[in-house]
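Annotated in Swiss-Prot:
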ACT_SITE  Arg23  active site, proton donor
BINDING   Asn87, Asp103, Asp107  Mg(2+) 1 binding site
BINDING   Asp105, Asp107, Asp120, Glu123  Mg(2+) 2 binding site
Amino acid sequence: MGFPKEGEKVQIHSYKHNGSIHRMWEETTILKGTQSLVIGANDRTVVTESDGRTWITREPAICYFHANYWFNVIGMLREDGVYYYCNLSSPFAYDPEALKYIDYDLDIKVYPDMTYTLLDEDEYEKHSEIMQYPPVIDTILKRNVAHLTQWIHQRKGPFAPDFVDMWYERYLMYRN
């Protein structure tokens, strides 16, 4: 597996456990790309859902993907602060087509005051049964929910106070 280069524009593909496409983001600019970490940014990019419907993101977002963790984090810059949407997912993979991951339904929404809510537990239970997630997936995801909430409390990684603003400034250099 290679990794995307700084300044490169890539698609992001989200899949379900059964291999079906879940969602595609048309264009994300890579701000940092290594074997273990990818940081990207997008603004008003086209998103295509599995049923073919499309929509456009409303605000700039910084995307954080790590090869060693079963989650990715999207920091969205809004007028009243940074909101985070965290997807419990497989670690990322990259090929010339796109940056890819498997979405495992559970999400954590983090508000500007760093309070958070675990979302979609019912969807996870349903898909776990339908797609027959192996028991090890449940163990891995529970461990990563704990890891992610620890990062939120500690303001670590993408939740660090200046993380999103710093990477957004870098993104603006590529837009001009």
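Using N, Cα and C of the backbone, Cβ positions are placed for all residues, glycine too.
In the three-state DSSP assignment, the secondary structure recorded for Asp120 (Mg(2+) 2 binding site) is coil.
For the recorded positions shown (Arg23, Asn87, Asp105), fewest C-beta neighbours within 10 angstroms: Arg23.
For the pair formed by Asn87 (Mg(2+) 1 binding site) and Asp105 (Mg(2+) 2 binding site), distance between Cα atoms is given as 7 Å, rounded to the nearest Å. For the binding-site residues listed here (Asp103, Asp107, Asp120, Glu123), the lowest count of other CB atoms within 10 A around the CB belongs to Glu123.
What surrounds the Mg(2+) 2 site, by Cβ distance within 8 Å of the Cβ centroid and not counting Asp105, Asp107, Asp120, Glu123, is the set Leu88, Tyr104, Leu106, Leu119, Glu121, Asp122, Tyr124 from the same chain. Counting in whole angstrom, Asp107 (Mg(2+) 1 binding site) lies 15 from the residue listed as 'active site, proton donor' by their C-alpha atoms. Within 8 Å of the centroid defined by the CB atoms of Asn87, Asp103, Asp107, the record's Mg(2+) 1 site, lie the Cβ atoms of Ser14, Phe71, Asn72, Tyr85, Cys86, Leu88, Ser89, Tyr104, Asp105, Leu106, Asp120, excluding the listed residues themselves. Here the CA atom of Glu123 (Mg(2+) 2 binding site) lies 11 Å from the CA atom of Asp103 (Mg(2+) 1 binding site).
Across the structure, the residue listed as 'active site, proton donor' and Glu123 (Mg(2+) 2 binding site) place their CA atoms 16 angstrom apart.
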